[in-house]
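Student: Checked Swiss-Prot, it gives:
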| type | residues | note |
| --- | --- | --- |
| BINDING | Asp36 | [4Fe-4S] cluster binding site |
| ACT_SITE | Asp297 | active site, proton donor |
| BINDING | Gly432, Met433 | substrate binding site |
Amino acid sequence: MKLAYWMYAGPAHIGTLRVASSFKNVHAIMHAPLGDDYFNVMRSMLERERNFTPATASIVDRHVLARGSRKRVVDNILRKDKEESPDLIILTPTCTSSILQEDLKNFVDRASIISDCNVIFADVDHYQVNEIQAADRTLEQVVRYYLDKSHTLDQFVTDAPSVNIIGILTLGFHNRHDCRELRRLLKDLDIRINQIIPEGGSVEDPKNLPKARFNLIPYREVGLMTAMYLNKEFGMPYVSTTPMGAVDMAECIRQIKKSLDILAAPILSSKRVDYESYIDGQTRFVSQAAWFSRSIDCQNFTGKETVVFGDATHAASITKILAREMGIRVSCTGTYCKHDAEWFKEQIQDFCDEMIITDDHAEVGDIIARVEPSAIFGTQMERHIGKRLEIPCGVISAPAHIQNFSLGYRPFLGYEGTNQIADLVYNSFALGMEDHLLEIFCGHDTKEIMTKSLSTDISPIWDPESRQELGKIPRFVRDEVKINTEKFARRKGLLNVTVEVMHAAKEALSA
């Protein structure tokens, strides 16, 4: 646990809550002090869902500290069981309440005896893992719980080729759009989708997971532990190549064919779908990215430098797309997923000049300032860094703000995803003629405070000290302060605006 201005991956309980709120009819209870219960607001704002977030805080206050938590936790579990009638309740502490070292597992066991629904305790070490690792672990725990609970399983796989998509969850970066694109891809390949978990799935679904012929893991961050467990227990093959970019799309489809060919029955399907012809047709005619990478517009990027940073899946994929498919130099690429550093290094070692594995945003900012790239591809934090350094940034990974939870269709996976990524890359650079004109006219005059006005009156002149003072005011109120100050100066017949005039205008407005 650490105090930080910015965290790329949140605390462990956020990962558990993301998995719980992705399933249908599952309720999460967090044992937490006030301040740790921000997940409800965050999810409601970003996902813009009609329904309330199914998460409740069992508040740790002075009464709990004095008497102990057992009664309150058990009462909250039973209350939610009665009010919501969920299939499952997941209890999780937060990193703060974990300090109390209470035996919450014992509370869960007690509540399970009385409640009508299933109750489990999120088996996560809140001191050792972050949001991503906790989400991966919680999903595996839920799947394992229900498979163990089903003493007799129908392990007969489907006759037709079928797949489970594991790892699509709430607050994921473009996850819902990616899921739609994966559905389209699998339909084209004549592969039936058996289950999609956790997003939109029921906790009763895991018992049907072994019926599929293989598992598809679109993102390494969540779902890999579940796939490895299913592979160990039921011998289910899995494909973990992310279908992002034309080259990895082709590799993913070939791995899907290989997984299906392990069993004899899918031969019937492979006769109907020619995978190589499908890859060729989609790459040449559906995805415009392959054509665009050979166009004069993309050739304008030759010699441009970029910095890439994000989660392991997106950072590695975008790095390979930039370097391998678009011919853009990646000066530095990195990830905050330190637990997956070995895989990340293996993936991008031939595609970048420099590599960084860190969760310190200041370190990333220093590298960007040193490299001075033409564009950045990163998280919301790199977008802030880019604004400070006046470097354009395309957001390619979580954590992201609300503008990257778009209502429109913007997948990153699949062949439509290649088009979206090509657009993002192209729009993140200053265009060729724009670059030329900026050079001729010495760039945009954005550093200066705008002093133009629609009024026909002569505007008061701002001296250097007052301009500097105005520049310190936050942007969202700066224009209003400027207008009010100039109105005050005109009313007083002043031709110049000084710092003293600014203060006087503020006092007059407050009076």
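Even glycines carry a Cβ here, placed using N, Cα and C.
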Student: Helix, strand or coil by DSSP: which one applies to Asp297 (active site, proton donor)?
Tutor: helix
Student: Please compare the recorded positions Asp36, Asp297 by how many other CB atoms fall within 10 Å of each one's CB, and tell me which has the fewest.
Tutor: Asp297
Student: Cα-Cα separation of the residue listed as 'active site, proton donor' and the residue listed as '[4Fe-4S] cluster binding site', in Å?
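Tutor: It is 48 Å, counting Cα to Cα.
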